[in-house]
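Annotated features in TrEMBL:
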type     : residues  : note
TRANSMEM : A:15-37   : transmembrane segment
DOMAIN   : A:38-554  : domain 'Cytochrome oxidase subunit I profile'
TRANSMEM : A:98-122  : transmembrane segment
TRANSMEM : A:142-161 : transmembrane segment
TRANSMEM : A:188-209 : transmembrane segment
TRANSMEM : A:229-251 : transmembrane segment
TRANSMEM : A:313-332 : transmembrane segment
TRANSMEM : A:344-364 : transmembrane segment
TRANSMEM : A:376-399 : transmembrane segment
TRANSMEM : A:419-436 : transmembrane segment
TRANSMEM : A:448-469 : transmembrane segment
TRANSMEM : A:489-514 : transmembrane segment
TRANSMEM : A:577-596 : transmembrane segment
Amino acid sequence: MEFFERFAVPHPSPLIYASMVAIGLVIIAIIAGVSYFKKWGYLWNEWLTTTDHKRIGIMYIISALLMLFRGGADAVMMRLQTSVPDNTFLDAQHYNEVFTTHGVVMIFFMAMAFVIGLMNFVVPLQIGARDVAFPRLNAISFWLYFAGAMLFNISFVIGGSPDAGWTNYYPLASNDFSTSVGVNYYNWALQISGIGTLMTGINFIATIIKMRAPGMTLMKMPMFTWSALITNAIIVFAFPVLTIAIIMGTLDRQFGTHFFASTNGGMDMMWANLFWVWGHPEVYILILPAFGIYSEIIATFSQRNLYGYKSMVGSMVIISLLSFLVWVHHFFTMGQDALTNSIFSITTMAIAVPTGIKIFNWLLTMWKGKIHFTVPMLYSVAFIPLFTIGGVTGVMLGVASADYQYHNTMFLVAHFHNTIIPGVVFAMLAGLTYWWPKMFGFMLNEKIGKWAFWFLTIGFCFSFFPMYITGLDGQARRMFTYSEATGFGPLNMLSFFGAGLMAIGFVIIVYNIYYSFRYSPRNVGDDPWNARSLEWATHNPVPEYNFAVLPQVESSEAFWDYKKKGHKLFPDSIKKIHMPNNSGLPIIMSGLFFIFGFSFVFYIWAGVIISAIGIFACMAYRSFEKDDGRYISAEEIKETEDKFGGAGQ
Amino acid sequence: MKIDHTQPLEYSTEQNQLNILGFWIFLGAEIMLFATLFASYFIYENRVGNGPSGGEIFEITPVLIETFVLLTSSFTIGLAINAMRLKRTKAMLVFLGITLLLGLGFLSVEIYEFMHYYHVGATLQTSAFTAILLTTLGTHGAHVTLGLFWGLFIMIQIKRRGLTPATANKSFIFSLYWHFLDVVWIFIFSFIYLKGMM
Ligand code: HEM
Ligand SMILES: [Cu+2]
């Protein structure tokens, strides 16, 4: 019995019991459903063991959408709790847990996964490649992310959620102040999925550097691919810092070291520094791919070449360098001297310059263009003014002396949501809508999509603009309630209303997926948007080998120039194609990592040792394995191509 | 698999070239990993709490042995790769074997060193300084340990399958890894031990 007591949630509530039941039911329903339709074989062979970048991308995106709902539920609960003064829907401890899991789930398991998912699907197609450099590693990346995400999510019902914020500052996150196993979950879930992300970074840099179609020089790459290259470089340089920080945190909590303690030489600010040395680059890991997506969409729907290609690339490079030099702006108030603060204040504000260049480039791309207001374009057009507001308030926060006024207030919360929602989330939704026909062969319904867009945009304004005001008035962030006398009530109610509109917007998106799946026409052609880059030069949906013949590229808008100027895109004839084999190893390893993390969270050493041995055994197996992939014969390719109506155009 | 005979064996297929590039990028990440550890080390270096400082616990003899052994192993793995280029499989295996034995020697001395720290009361829990010292050394040591197994597996594969583009590629990548660990050790030697004993 004693063994099982540790798994109890220390601070239960009816909500948690209800979730336990719901999780149990969903798992049973999934197992029963798959068994009933006899889909286990299909699921295993086509998806769970796949090494196809397109399917891995889709699995990332599905997971990201699930996490969006988990994080969204947290968000609605928080806004509900603060909608009126002195509310008692959540108590302080639950509120702490909810904002912590909200932040972690949204950043790591929603936004990161969405970005990486779209990169997976799109980048190899855009560069005219047949897969990524290391398809097997790619599957491992996804499954490690998935293991981490699941590990994090069960904390809610087994042992208790972390409660020290997504920034997890010490000493708050130490055993003294976070007494449940929650922060252990934080450590292990992020460590496991972080390794996956690092592997993605390596994989995509190698892919983009080495596997571009003939003729595609670096300066002829589509902008999204450029953003992916730079993003992955940031990943490779930033994530190891997080790895070390989390190891130190784990040692502190589980092995009694004093890295972040205030005794025996420890220093709590060390965590804050390491966290943000990773953390600020992290926000650019999220926003740069979003910039890339907007660049693609704005050029496509303005029917013009992207304005200022070189300055777009240059500004992203500068942003990526600066992103490593600004981390102190997250704690101006925590005791550095004035000179340090001034330096970081200046570097912070400097980032606004390259960002501004990009904004003007997008505007100039649209200038005199024939703009089509499709759903992806609507998101992009709304992004420009809304993100600019987020950037301007960011510069305000970057003024060190003024930051003393609004640091850790709702003003900050409004700022980063103002960058993340119109910046990242809108880009993901726009990108999903844009590339949806490539993924599934039909379009999402435009009319329903527009409804969702308006609900999300208007909802966004209602929910976050009031926070700027209450923040300047002194409403602190991460407070579970406030008194009537503060006068924050009405604006918080407005914010709750906005959150409700956004929730409706997301529901409409789900409905749109369902509706379009049933009713959308399936004969949309290979290029439904009249687009510009290579992914549109192959079929809809894309065959597993991507391109029957490798394209020959001559400009940064290869497909557009092919359509307008008519140069030959596929000069070669069909030959056999080498493809990677499927493998069950990644998912098995990820299962072992899950057990490893879970056991470590609860100090179950037997589980730790056994799963560690299992993981090493998998690696040894992989070392000895002979897997040279397989070939698809030219005849087979011709057959497939004929079904699609002709090889290459 | 198209094999390009104008290239050395380890570069001879497209996948091989990708693997090597990928590994260089991975080493970039490893540099960041150790850079973070070193930066933390410098910050905690003098934060010894009630525990000992580096100067009080470092012993020059084991450290010199470790340095000597590991540097030699870097040389022998270079010889192994040279033998590989000359297609002398036997010599290559011998040099790889020596490399791994030297690695094992390094590890044994390092374990001895850790026991010494334990006996003089410098454990993970003693102070922030001892914790970062042992974490940094431990991370390097863990890399060496992993390398021993990895190297062993590669030797077995060469023995069984001979020098193929795949085994040559693995050996070359392993040598990059091993040299990298050596470079890290030189930093550890200079900035942790020498600096601490000055
Ligand atoms: C012009 C661009 C930007 C500037 C000048 C800027 C500046 C800042 C500053 C100074 C803070 C800390 C404020 C405080 O703690 O008092 C902050 C916080 C934050 N920013 Fe930005 N930012 C910019 C863009 C972005 C972007 C593009 C993202 C994400 C995609 C982002 C996400 C965040 C997040 C998540 C936080 C909150 C961290 C926390 O929980 O403490 N920012 N920003
Ligand atoms: Cu920042």
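Glycine is no exception: its Cβ is also placed from the backbone N, Cα and C atoms.
Against the transmembrane segment (A:98-122), stretch A:419-436 has more CB pairs under 8 A than any other of A:15-37, A:229-251, A:376-399, A:419-436, A:489-514. Distant neighbours of the transmembrane segment (A:419-436): 61, 64, 106, 111, 114-115, 118, 121-122, 283, 286-287, 289-291, 293-294, 296-297, 300, 374-377, 379-380, 382-383, 386-387, 390-391, 394, 442-444, 449, 452, 456-457, 460, 464, 509, 529, 535; these residues of the same chain sit at least 6 beyond its ends, with a Cβ under 8 Å from one of its Cβ atoms.
In this chain, the transmembrane segment (A:577-596) lies apart from the transmembrane segment (A:376-399): fewer than three C-beta pairs between them fall below 8 angstroms, excluding pairs fewer than 6 positions apart. Under 8 Å from some Cβ of the transmembrane segment (A:489-514) lie the Cβ atoms of residues 68-69, 72, 75-76, 79-80, 82-85, 429, 444-445, 448-449, 451-456, 458-464, 466-467, 469-470, 482, all in the same chain and six or more residues away from its ends. Beyond the ends of the transmembrane segment (A:188-209), by six or more residues, the same chain brings 104, 108-109, 112, 116, 119, 123-124, 127, 129, 132-134, 137-138, 140-145, 147-149, 151-152, 155, 221, 225, 228-229, 232-233, 235-236, 239-240, 242-243, 246-247, 250, 593-594, 596-598, 600-601 to within a C-beta distance below 8 angstroms of the stretch. Taken together, the residues of the domain 'Cytochrome oxidase subunit I profile' (A:38-554) have an average pLDDT of 95.
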